[in-house]
Amino acid sequence: MKRAILIVLDSVGIGEMPDAHEYGDVGSNTIGNIAKARGGLHLPHLQRLGLGNIAPIQGVDPEASPQGCYGKMAERSPGKDTTTGHWEIAGVVLERAFPTFSKGFPEDFLQAFAERIGRQVIGNEVASGTEIIQRLGQEHVRTGKPIAYTSADSVFQIAAHEEVIPLEELYRICGIAREMLEGDLRVGRVIARPFLGEEGNFYRTTNRHDYAIEPPHKILLDMVKEKGLRVMAVGKIKDIYAGHGVTDHLASKGNRDGVEKTLAFIREKKPGLIMTNLVDFDMLYGHRNDVENYAQALEEFDGRLPEILASLEEEDILFITADHGCDPTTESTDHSREYVPLLVYGKKVVPGRNLGIRSSFADLGATIAEYLGTEELVNGRSFLGELI
């Protein structure tokens, strides 16, 4: 029974890419800089898999005989956002980046949007999600106008207090936005950002919902499903791929829950693909430049690895990677253009292989496709032959 278990550590980059200067990200190294700022990271289980063999990380030494295979991957697509990174893993390489809106969205779009949803909006600026709800949250509560904002990424985000605009209404509003944002406005994601609390103490809830655009062609998840295998998605994976190929889905409320849901799927012992996104690294710590809690989250995930490894069956292969960087030690609160780590482990995987620098995230998807016996991806070169 062949299974691939793919865990995406959202934003855990491992050093700037050669074109980082084009994105304002020179010097970014999410995991490396966290380790330096912290005086070292304690990640013994990731270390044993070979994490310290990929790049220098203070406190994470290279292993003479790693238990896993190791390398890093470059992003071929332009961009540094969640959708672009995950799509490339699944075989989609973009020719041009999704549009961004550093000065906010066009006024004519906002007026048409307001007419469709029956409410004016406030905001329409580049902002941190946690900051803007503190600044505009009370005005929203008083007027009922949702808060629209964006970031350096290709997103249109709508924040609303759950007691002012109920979740279902917020989701309806976001669905309308997704429908309207086409052509030059075709952002990678529309995101519902519900929050609760009172003035001076507003806080985001875990009821976010992402509205992605449809992938331009068949992706890894579609192919696994067409093979008659299960595609088990944990966290925001289903949203990122607009539901493509997903046969089973478990929402998760943070990293701990995401690991629990992943283990639940592993224990079901059904052949196919289990794909998990652990979002706390990015959402709670990277964007907030919270070095200490980012470090603690990495160490907490490392502490769960023995349980994950012990649950693997004879023909399981575990892949651990990321989708971009989000270095909390820099002045920027946005994603960073970085290589992502690649760790592979399985009972049939030859340990200690250096997989080098892969030229595309799609190499990972191509490897999973070959292992599960699906048709080939449009992009990517499989490295399965280096593993088994």
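Keep in mind that glycine also has a Cβ here, set from the backbone N, Cα and C atoms.
The Mn(2+) 1 binding site annotation in Swiss-Prot covers Asp10, Asp323, His324 and is backed by sequence analysis. In the three-state DSSP assignment, the secondary structure recorded for His324 (Mn(2+) 1 binding site) is coil.
Marked as Mn(2+) 2 binding site by Swiss-Prot on the basis of sequence analysis: Asp282, His287, His335. Annotation for His335 (Mn(2+) 2 binding site): spatial neighbours Ser11, Lys80, Asp81, Ala152, Asp153, Asp282, Gly286, His324, Gly325, Cys326, criterion Cβ-Cβ under 8 Å with sequence separation of six or more.
Taking every protein chain shown into account, Asp10, Asp282, Asp323 are the binding-site residues, and of these the Cβ with the most other Cβ atoms within 10 Å belongs to Asp323. Most other Cβ atoms within 10 A: among the binding-site residues His287, His324, that distinction falls to His324. Counting only the Cα atoms, the space from Asp10 (Mn(2+) 1 binding site) to His287 (Mn(2+) 2 binding site) is about 11 angstrom.
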